[in-house]
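Novice: Quick one: structure below, then a few questions.
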Amino acid sequence: MKIKNTVSKVIEIWLRIFGIWPNMSCVFLCRLFWSVSIIIEQIFQYRYILMRSHLIEFSELMHILGSAMTYTILLIKLVIFWCKQRTFNSLLTMMAIDWEKCSRKKFSMFVTSYNAKLSERFANMTMILYSTAVILYSTHILRKHVDDGNASNVSTRLLVLEMDLPFDTNKRFVYESVIIVQFFYLLLCSDAIGLLNASLINLILHIGGQIDILRQSLMTIFSKKEKDNLSHFMIKKIIKKHQNIVTFSQHIEDLYSYIAMVLFVSDTLIICCLGFTIVASIGGSDVLKNITRTFLFYLVMNMEAFIFCFAGEYLSAKSKSIGDAAYASHWYESGPRNSRIILFLIMRSQIQLTITIGKIMNLSLERFTSVSLFQICFIRIEKRMKQTPTSTINRTIEIPLRIFGIWPGSPYISFCRLFWTIALVVTQSLQYRYIILHLHTVDLSDLMDGLSATLSFSQFSSKLIIFWFNQRTFDKILTMMAMDWKKNSAADFSTRVRTNKAILSQNFAKTVFGIFSIVMTLYTASVFTFDTNNLEETDLSMRPLILKMDFPFNSNTQFVYGLVLVTQFFCTVLCGCTVFMLNVLLVVLVLHLDGQIEILGKWFTKIISKQNGHRLNLAIMRKIIEKHQSIIIFSNRINNLYSDIALILFVSDSLIICCIGFVLVTAIGTPDATEQIVRSLLFYVVTNLEAFIFCFAGEYLSNKVRNGR
């Protein structure tokens, strides 16, 4: 099918429906109809929000508010288009003139037709996407109406758009009429929103095509074949084309600048409202219904912001290419007069064509990134609001404990313990075998490096065995923590203290996990980035490993070496993560105990109250004694669990720190000093951090007990 205009037929039809297309009949009637209908619809929507804001859930309120604000944006867009009718007419006129001129040249016709087809496809895809979003948004209402057709409680019937209507909608005929009108109204308005955005892309693609034609003309007239036939008329034609492009860009800026400003303010709020709805629905009974209803709506709102930002970025990049094309041509070989004119064109092209957000800032992909980052921050806040901690121990700690058969009630706990016992015994055997066999053959610093990693795994194995043997003690600690969370759940102070300690524990666990990730990345980076292409076939044994081991098989083949590296990496990651989480667990237990001591201190202030005539309150005294006994028992169990671990840790950590320190010192001045230091420095730091965590936990607990006296 031959394209005769950049503006597709789909966009033209919707612009005619909403009274934007020039020279259409009954334009005043169309504008009056849509103004009145959208204003009435907005009144009913915002009336519903005001009347029922205290009765409905907050997530549902956010969803309804997002829907209402979408219609507010549409009304503002329509008003701006109606007020800027002359500007829009000028754009259409300039596009029609460009189509007439492009028919004279084959390249111009090809570029313009290509952009017109691309615009038409984009408009069709936009309409399909927005229509699909409307259908999914309305599906659960229409399905519920069919399912509940014979229901007795008709007052609970839902509408496609939540409104507070001034008449009774519970009658079957009235209700069906309302939801049908709302559905088609929503479909028309949603497609109008999408196609008004698509019209911006159409205009941008058209001006992009004109810029391509201008660049081609610049390269052609200054070519070696044409430079002898260069005339003042050809230069004048190029300058006029550039002026038309600048004028066209200014018209786009005039038409869409304030629309962009309204869109960026409102779309950010709408996206945040929809994001809150999606996050709040996770874990609910009707999660699938809410996500199906909201996700495509959320997607198209993000796409709307992206379209505007992409249009601004595309226009800026295209305008810059004019100056590049002019500068790349052989303009300097032409006469002084023509060269001077082209120099002015190059200078003018340095001022990029842009679309601004209300004359304040330029539209670009950087702006879209800032909006996306704001959404991410908002959604993270929503998650925190929704996910109030219900335990001091969070999932970051619980998951590694389940994997290694420490968490009570874990499935296949015996299998987990057997597997990790065999895995660690095999790993340790191969590690110590390497150290013994290479004791007199390898460099001392290399031996210390291998010994430090080997001792770390020995220390980890000891920790696991101690936790497995003290499983009952750990179970009792978790039981006491669960009971502390249940007790005094109605007391504001107790709940606030426990929640604060839980959040602090979560943040500490995530911070330590982040440090661990960086350490593992740097520790294994030198192995994964090692260039094996420079090795001869006889030197394949020089390939480095993450953990130094002496295997009873040939590990020099490509497949076996890769398999060994991957296995060592995952083993190191899992074991290292669990080492960190066992240390974090100690801090979590101490923080929980700290919270209980704070609650006990608060109760001391209530022993003697004014209401009882400054007499001793025996009930509170009994609670205080029970709480104090519970704190002592909890502290004793922490000591039973971690006392032997602390002994092993301080012996082994001293050796590990000495080994790593030796590696760092001997690496200075060697050719691979940077690689050795990067690999070992953070390992050295976290080993010291491990010792510090244990010492800090003991000191913190002692100070809390002393201050609580």
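Any Cβ shown, glycine's included, is placed from N, Cα and C.
Automated prediction, rather than curation, is the source of TrEMBL annotations.
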Novice: Which is it, of 122-142, 353-373, that TrEMBL names as transmembrane segment?
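Specialist: Based on what TrEMBL states, transmembrane segment spans 122-142.
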Novice: Tell me which of 416-438, 508-530 corresponds to the transmembrane segment entry in TrEMBL.
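Specialist: That would be 508-530, the stretch labelled transmembrane segment in TrEMBL.
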Novice: At least three Cβ pairs under 8 Å linking the transmembrane segment (258-283) and the transmembrane segment (183-205), pairs spaced 6 or more in sequence?
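Specialist: No, the transmembrane segment (258-283) does not contact the transmembrane segment (183-205).
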Novice: Give residue numbers and ranges for long-range contacts of the transmembrane segment (681-701): same chain, 6 or more residues beyond its ends, CB-CB under 8 A.
Specialist: 452, 456, 515-516, 518-519, 522-523, 579-580, 583-584, 586-587, 590, 593-594, 635, 642, 646, 649-650, 653, 656-657, 660-661, 664
